[in-house]
Every structure is written in C-alpha cells, then in structure tokens.
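Novice: Annotations per Swiss-Prot:
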TRANSMEM  1-21  transmembrane segment
TRANSMEM  39-59  transmembrane segment
TRANSMEM  76-96  transmembrane segment
TRANSMEM  103-123  transmembrane segment
TRANSMEM  124-144  transmembrane segment
TRANSMEM  194-214  transmembrane segment
TRANSMEM  219-239  transmembrane segment
TRANSMEM  255-275  transmembrane segment
TRANSMEM  301-321  transmembrane segment
Amino acid sequence: MGASGLVWTLTIVLIAGLMLVDYVLHVRKTHVPTLRQAVIQSATFVGIAILFGIAVVVFGGSELAVEYFACYLTDEALSVDNLFVFLVIISSFGVPRLAQQKVLLFGIAFALVTRTGFIFVGAALIENFNSAFYLFGLVLLVMAGNLARPTGLESRDAETLKRSVIIRLADRFLRTSQDYNGDRLFTVSNNKRMMTPLLLVMIAVGGTDILFAFDSIPALFGLTQNVYLVFAATAFSLLGLRQLYFLIDSLLDRLVYLSYGLAVILGFIGVKLMLEALHDNKIPFINGGKPVPTVEVSTTQSLTVIIIVLLITTAASFWSARGRAQNAMARARRYATAYLDLHYETESAERDKIFTALLAAERQINTLPTKYRMQPGQDDDLMTLLCRAHAARDAHM
C-alpha cells in the first residue's frame, strides 16, 4: 500500500479536521469532561481508528491491515504509558483541572508533529543505511531494559521532571508568574505581562513527547516498513489520548505491571528487528558481510504476542494484591486532595460525600498487608495529606 499523494493529503486533512472538531466541541469551552463524555469520545476515536483499519483491508488487503492494527495497538499501549508521565507533570505543577484539557491537546498536537518528523527520518535511515535495523533494535532493547528496572519507574517522579534541562532553561529565561490564570498562557502581574506556569507545563509535556518518540517510532518500524501505516497508526493512537486521560486517570496507578508488559513488547520487537537485520546483513564484520539464516517472525505472530502480553499485564495489575494496594492509595490521595480543594462555601452534602469516600479508602488501606501499605517514598507524603484533610474536616465542624 504505497499511498499516493492524494491519499496522504486526505489522511492529513482528516486528522487535522478531527483535531479541530475536538478543540471546538470539547476544549475551547473550559470544562472538565464527565465520565460519560470521556467514554463516548474515547469510543468515537477508537471507532474511527477501527474504521480506518477496515478501509486498509478493503483497499490494501488483510496483510497490511494486520500491520496497521499491530502498530496501532503497540502505539496505543505506549501512549497509555505516556499518560503516567502526563499525570505526574500535571500533578506536580498543580495544573487546575479546568486547564488540563488545553495542556493535553497541545501535547498531542506537538507529539504528532515531532513524531511525523521522526517517522520520515526513520524511513530515510532504513532506505539508505543497511544497519538501521541494528540501531533500532538496540534502541528498543535498551528502552525495554530501562522499563523493566524498578529504578526506571522511579525516574518519573515530579522532582526529576521539574529538574529537567528543558524546564530549568524555560524557567530561567522566560518571565513566568507564580499563579495560574485559568487556562490562559499569559497574565498581567504588577503591571507586567508575564507567562503563566501553564506554558512551563506545555514545555514539559512537549519535551517528554520527544523522548517517548525514541521508543515508539523504532517499535512501529519493527512491525512494518510502510511509512504511511506507521504515520496513520501514530496519529490515530494520539488523537484519542486526551479523552483516554480523563477516562482512566483514576486507574493509571492500578496498572502496576504495565511498564513490565511494555518492556516485553519492546524487547520482542527489538529482537525481531535484530533478526531481520541479520537476515539482510551486509555489515562486513558480521558473517563476512553475508546474510545470516534466522527465524522469521510474521506480523500476525507479532500482533498475537502484543495482544497476549497486554491482556496478561492488565489482568495481573487488576487482580494482584499490589494492584489493589496502589488503587486504594490512589483513591485516598485523590479524595484527600479533593477535600482540601473544596471552597469554603461548598455545601455540606458535597463535603460529607467526599469525606465519606476518603474514609472508605482509608479503611481499605488498613485491611492491606503491611508490605503493601508501607511503600518507600509514598507513605510519608500520603500520611501528611490525610492528616491535613482530617484537620480541615475538624476545623470545618
């Protein structure tokens, strides 16, 4: 399916149109989407991605459709992993809930532009350098190793992100205010026009998007060398990311084994790329520059492995004791924060509802085994937050 210029143009117009409609209908007017809205919008974008896959079957055949769906599933799984980092960034900078949609839409648009650039660079490398698959495979194996290490997960903490080079440079050279002004990027403070912290958040999100492209793009080229399919799969997986954030932000902490599943997927694709590179080897110091007989892994087999790994990872996360512990702590943290954020004029019924939910989460934590309750680096902060919420409750009574 060597897509023609017309097909490329129509696809780009479709994607741009979907982003514009999403902005006009759901982002331009500042609001927090309800669960029902998030479900409907997420289902809509997934449905569009599936319809595109059906179109690939009709016009390109089943083999190309399998390649597309394998790329789409892989990039969607990696995008869910991106949401962990987005959540950390948004939480660490204290972005108001009403402004989060604009941050996410910017991140998606920026990611689409940068990843498109990476896609064409990757395609050029594959076309002109015989050893490109060795490079891509090595990158994926390194990324898989980083995801599999517990320390790789710890690098996502808020302070690490805030200390990143991009944020430190922006904070130093850009005049920013200390407070947010709704979802505006600029405000006036002391008769001076300044940028709000929302711009720093967007810079942080954009910077992390660039880093994530280093594992997602090689992974997709490990499944297909069709540039058009790689672009389409990337675009459709990113388009639904904003809705997915609001749909599963309460479940992200529960997916405790997702990174390990992604490590397996990236490692598998990395090995697949290495095998393909050996099969077409032309490097003089490897087997005298001659191809090496290897096992061929089909795209259908790759798609099967991806689906099985994601199913096992998700099931293990939701049914494990560690997953239940993470969920209980996340709920307690969320309700404690929600209670502390209540306005002093909030109705008593609403206060009681949130505090009752907080007490239920605390009771669930108390029923957990000690080894799951005592998590280094999280326990002290959570206990402090809970104490503040109880103190606020006592002060209001």
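FYI, residue positions are counted from 1 along the chain as it appears here.
Glycine too: its Cβ is placed from the backbone N, Cα and C atoms.
Tell me what's around each of these sites.
Specialist: Tertiary proximity for the transmembrane segment (219-239) is limited to same-chain residues at least six positions away from its ends with a CB under 8 Å from its CB atoms, namely 1-3, 7-8, 11, 15, 18-19, 22, 45, 48-49, 52, 56, 64, 67-68, 70-72, 74-76, 78-79, 108, 111-112, 115-116, 119-120, 122-123, 126, 136-137, 140, 265-266, 269-270, 272-273, 299, 302.
Sequence-distant contacts of the transmembrane segment (301-321), counting only residues of its own chain at least 6 positions beyond either end whose CB sits under 8 Å from a CB of the stretch, comprise 66, 69-70, 73-74, 77, 223, 254-258, 260-262, 264-265, 268-269, 272, 368-369, 372.
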Novice: Using a Cβ cut-off under 8 Å, which residues of the same chain at least 6 positions beyond either end of the transmembrane segment (103-123) come close to it?
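Specialist: For the transmembrane segment (103-123), the list is 15, 19, 22-23, 27, 86, 90, 95, 132, 136, 198, 201-202, 205-206, 209-210, 212-214, 216-218, 220-221, 225, 227, 230-231, 234-235, 238-239, 241-242, 245.
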